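Below you'll find the structure, written out as structure tokens, and then a few comments.
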Amino acid sequence: MSLQTFLLLAAALFSVGLYGALSQQSIVMLMMGLELMINGLLVAGAAFWFYVSPGTADGQVLVLVAVTVMALEMAMGFAVVTALFRARDVDVTDDAGDLKG
Amino acid sequence: MQTVAFWVLAVGAVGFGVAVFVVDSMARATFALLASFLCVGVELLLLDLDYLGVLVILMMIMEMLVMAVFMIMYMMNPGGLMPMTMVHNKRGALAISGSVFAALAAGVFLTPWPERRGSVPADPTFSVGESIMGPKMLVMMVIGIAILATMVASVVLATDRGRYDRPPGRADGAK
């Protein structure tokens, strides 16, 4: 166990999540990819706290913020999908391309 | 012992992460994501982060159970009755994520990381509690406001009537 191995795990989780976020058609599956990317960030944040500056609690607070923001992001994501589904009967990204910008 | 646990959990976390996008059923994908989060939660326990590890484990169990309901709601292939591909631009996505992983891994091993400053406190949970009730209180207050804003915004977005109630033209619309 070292900083490098933990960061490697974080990079692997981030990349798998990125693949999902880029390739999935369903908007909810796309959000699963985003969750996996943030999962990698949690590992990286905790590893940086432990191996770089364990003296202060800043790293722990950062992980706490990341966990909370992940939950908020999911709630907002599902609300947007529900609104989109109600208005246009759309649940795949290809049909919602006009939302980009 | 800890090293063995780290590698087993790391392989588990990434393996379940891959399973999220490999399994057919979106409900199964949710539980694969839950397993991945549980592995990461135990990894945090290995780093002496007792509170954050348990927080991730408990929070993700609840979040994924709620998510499973949404997954079943929006399932593209219910019960395997409509076999279909759920991905687009698979080759491009694989290339991009593969090269991102290669770049990140190279960065991990080539970057001269700073020396460790300070030592792990006897009770990291005590130090994070003291921190969020002291110098980092503003962070927690902003998070509290953000949670409230999310509650309001998600209800407004998800409700049938929307922000402006029903349109005036409809029979059941606003007068």
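Cβ atoms here come from the backbone N, Cα and C positions, even for glycine.
What TrEMBL records for B:6-23 (among others) is transmembrane segment. Residues 29, 32-33, 35-36, 39-40, 42-43, 46, 87 of the same chain lie 6 or more positions beyond the ends of the transmembrane segment (B:6-23) yet place their CB under 8 Å from a CB of it.
For B:30-47 (among others), the entry in TrEMBL reads transmembrane segment.
With a cut-off of 8 Å between Cβ atoms, the residues of this chain six or more beyond the transmembrane segment (B:53-74) that come close are 26-27, 29-31, 33-34, 37-38, 40-45, 47. The transmembrane segment annotation in TrEMBL covers B:53-74 (among others).
Packing against the transmembrane segment (B:94-113) from elsewhere in the chain is no residue: none 6 or more residues past its ends has a CB under 8 Å from a CB in it. For B:94-113 (among others), the entry in TrEMBL reads transmembrane segment.
Feature annotation from TrEMBL assigns transmembrane segment to B:137-158 (among others). Residues of the same chain that lie 6+ residues outside the transmembrane segment (B:137-158) never bring a C-beta to less than 8 angstroms of a C-beta in it.
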